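A.B. asks: According to TrEMBL, the protein has these features:
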DOMAIN    B:79-294  domain 'ABC transmembrane type-1'
TRANSMEM  B:20-37  transmembrane segment
TRANSMEM  B:84-104  transmembrane segment
TRANSMEM  B:125-153  transmembrane segment
TRANSMEM  B:220-241  transmembrane segment
TRANSMEM  B:273-294  transmembrane segment
């Protein structure tokens, strides 16, 4: 393989030398790639340096590459906001419990659907897939949740919407293509039942798909605000994103402030805090990603669409 | 199990033998029945004068009253037009992840390529709330990055977040910024499945890079692209609530009120359950028809279809 690759590169290199259009294209491509990287990264970089800078320097356009008037006041102000920490705690709880439930529900369903000897397999797949294209809509779903007395409870944040059909399809494809059918036949001869086979043989072979789905589901829970907006009333249950919305978008902090110089300072702190709160809310979920990245190459993504 | 071999005794035997698989499916099936299919039944409140006291079955029938009310309301054309503008505009950006994937595929597998990919995925992990908060901070004409940039060149920045005319552009391009890298993963995965000997043969035949992209890479991506395109068109009227709702303000409301935000306001904020459900149902049905139509067309002209 290595030899073939080397040979290919060599022959491609030779041809490339004789084609100036290829060289031009190469240069243009890398130049574009660098511009693209700057456009993607700079806004994020700016938020980081702005969170450590004097807010008036930021407002006057003096902050470009390094923090100006270094300060930790934004972060210090953040520490004083009790709501944020309640939201943080709730989000961690929702993410951990929700991801566990989501993995159990979706992975087991996906495995069962991947088995060719499952009677009613076609019907059961359709049963799930239909819900991707047709649903009751906001109000009937809301009424259902309320009828089950889940409105304004912890459970509404982790249970009702834990079946994710797209994830089931992806995992099903993974099981079909990477768990050999012979394995089940061998296990069966040894007297192993479906459940034991699933837990002791299938799951250990499926770390890649568990990692990828786990990441998707966790990111979903960490970032969601819609369900909280609709199904929660009690502020003690609010997830971080809903509190962020109040701080970043509806600006609920400023309304409680007085006038005069004290208000001016408070306003500046509030602005500074908006930068730091973005970082504090985003960094934890970004940290998950590198651990899972290596599994992305296992062909999960193609499987998702190719059926 | 071919249809010809069907025998009741055998079927029951098979179900009994595989009871473990049905147990694995149980949680997902129960949750889907309760939270996806039960609300579908609730859709009938769109045809009723729903009152919480008498419940879904007890409420009197209203026929198509609420549909007519929506068709005659002044919001009808506005919301549909806004929804269509945003979704068709998004649809036009559909090829961008494909272009990015083609470009990444041309890069030599080295450190730069890995770095490029990692960075391009990153914005995907930012939550919608933080994303909109970020936009509000960066696009502020007086204190934001954009404002500073314009000041640097002696101009005055436009108010991107408070402009009805620019709403769809801001919405769509910020989405491209956030998701283009992530959306390209699937195409990069598809391209990695190209048989290297194809490139070799093309090189021997004197193909340039451009030729290889045109005659090997693009045909390779077509099935994946068409499948994704069908799904996108099927959701043409289903522009998500989350981001639009957060971006809405009094200044841009004329072009930011879309079907889903309207459904939310009518239903949950002003408690007109039946009216809201009717609008929602209208939306779902149109999406469903679009999906079936596009799938049919694709079946006719290419070999790709969802079913």
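Backbone N, Cα and C define each Cβ position, glycine as well.
Describe each of these features in terms of where it is and what it packs against.
C.D. replies: Here the transmembrane segment (B:84-104) has long-range neighbours at 113, 116-117, 120, 168-169, 171-173, 175-176, 179-181, 183-184, 187-188, 190-191, 213, 217-218, 221, 225, 228-229, 232-233, 235-239, 244, 255, 258, meaning same-chain residues at least 6 beyond its ends whose C-beta is under 8 angstroms from one of its own.
For the transmembrane segment (B:220-241), the residues of the chain that approach it from at least six positions outside its boundaries are 80, 83-84, 86-88, 90-91, 94, 98, 101-102, 186-187, 190-191, 193-194, 258-261, 264, 283, 286-288, 290-291, 294-295, 298, 302, 304-306, judged by C-beta separation under 8 angstroms.
With a threshold of 8 Å between CB atoms, the same-chain residues lying at least 6 positions outside the transmembrane segment (B:273-294) that come near it are 42-43, 45-50, 52, 62, 66-67, 69-70, 229-231, 233-238, 259-260, 262-264, 266-267, 306.
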